[in-house]
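TrEMBL annotations:
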- 10-66: domain 'ZZ-type' (DOMAIN)
- 68-120: domain 'SANT' (DOMAIN)
- 72-116: domain 'Myb-like' (DOMAIN)
- 72-120: domain 'HTH myb-type' (DOMAIN)
- 133-168: region 'Disordered' (REGION)
- 308-406: region 'Disordered' (REGION)
- 338-358: compositional bias 'Low complexity' (COMPBIAS)
- 365-389: compositional bias 'Low complexity' (COMPBIAS)
- 390-487: domain 'SWIRM' (DOMAIN)
Amino acid sequence: MTVTHRKQFGARYLCDACRKDVSDIARIACAVCEDFDLCVECFASGVEVAQHKNNHPYRVMETLTFPVYEYSWNAEEELLMMEGFEKYGMGNWSDVAEHIGTKTPAMVEEHYYNVFVNSSRWPLPEDDIEFPREPIPRRRPPALGTSNPLTVDPVKKSKPISSTPCNHDIAGYMPGRGEFDQDYGDNLDEACVKELVFDDKDSEDDKQLKLMIMDIYNDKLDRKAERKRFVFDRGLQEYKTVQAEERKMNAEDKAMLAQHKVFGRFQTPSDFDLLIHGFKVEAELRAKVERLQEYRRAGLTTFDQARLYEDNRPKHKNNKPVTAYMPPPPPLPEIVLRTTPRVPTRRASTLPAAAASADSNGDMSTPDAPSSSSAAGTSASSNPTASSSKPLRRQPRPIDISNADGVEMLDPEERALCSQLRLLPRSYLVFKHKLLAEVQRRNGAPIKRREARQFWAVDVNKTSKIFNFFVDRGWIPDDGRQSTRTRGHEGEA
């Protein structure tokens, strides 16, 4: 008798003559030869193998499919469980379940506790268990007139499932068998091994060559199985379903999916779906950032202005982009138009104030009068801020960095600077480390502002403010511009 062990079927019995699997059917066991089994066909033909003779006494070994202690456990499974306990030890549920082949470790553990541990005759199981017997069909029909004729319900004919083109969407796929007519690649692999024979007369080189051919063949089979598993795990054989899902996607999602399909073979289906979802979220965030940057370039600071900007967006691509909506300036008073005809453009902002002053004082002088021009000049020189034509830019509000990462590495002045410039502490520390490392590399030589901007690609104004802060703290030497500018302002004062 030859016993082979498989994970899904447990112990298997093979006929010692024809190598037929007789695990699930009745077999003939020799009473003289040890561990010798024959199938019914070989026994009927009187096969003699090795020491076995056809006149030896025998036993008929039927399949043990009847229940013993639980209805879901047959006698063969009970014997395999005991054999597994003897072989692998008590409590080794996983190995015992693998030895049985048809039960899981949880089922084996539950069955053992229900039958043996929880028994009133522990450690023996209960002996008064009864199971309903299934009716045995009669071999002969009953005599005429002894019983009522059997009424057989009509069986509804169902359409047979066949591997025809009407039964599947992909050409060559057979759903009933779960296989393809032609696997990936060519089918010439079998031609290389179908006539391969290992002989005792082969030299060592011939054996190595044949083994190498078998390894190549097995490797190709593994690749085919991997591709088939990839198709089945992702449901790609359901072509209509996949096509319907792709129709629901927009052009950007389709292009993104086609671009990243190559990563699907290295991930599980759930991980690949999560990856594609992450790419979609990233694309949405990038589009939102670009839209907000466009609003900021247009001078928009609130969502109400952005909504009005979108409503006024040009419908055609050839039109120029619409700028931010600004209310028209108020009309100039008539007295200003008469009295100051030659005022430069850069002082136009002082005209309403001058007109209001003239109107309140009752001054109706002509342009030839020197008092009007001198008053205008005095007003323009005394208020240089009002003479500028550039609008005032509102400073951004400081941010709260008390809970930001790396804030404990900053002193109070650095925290105030980062809060005012709306910088995260980690970004500030990276720029600080790079700049101080560059100064140390130069042995304390001055570094220019434009060179400092190369270490951090952010707003130029923020870089300049941080550079001035480092100069004031004495961390980096001044390049000379700051002191010159300071002396110039002091001279003007």
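Heads up, the Cβ atoms here are built off N, Cα and C, so glycines get one too.
Any TrEMBL annotation is an automated prediction that lacks curation.
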Counts by DSSP class (helix H/G/I, strand E/B, coil) across the domain 'Myb-like' (72-116): 34 helix, 1 strand, 10 coil
For the domain 'SWIRM' (390-487), residues assigned helix / strand / coil by DSSP: 58 helix, 0 strand, 40 coil
Integer mean pLDDT for the domain 'SANT' (68-120): 82
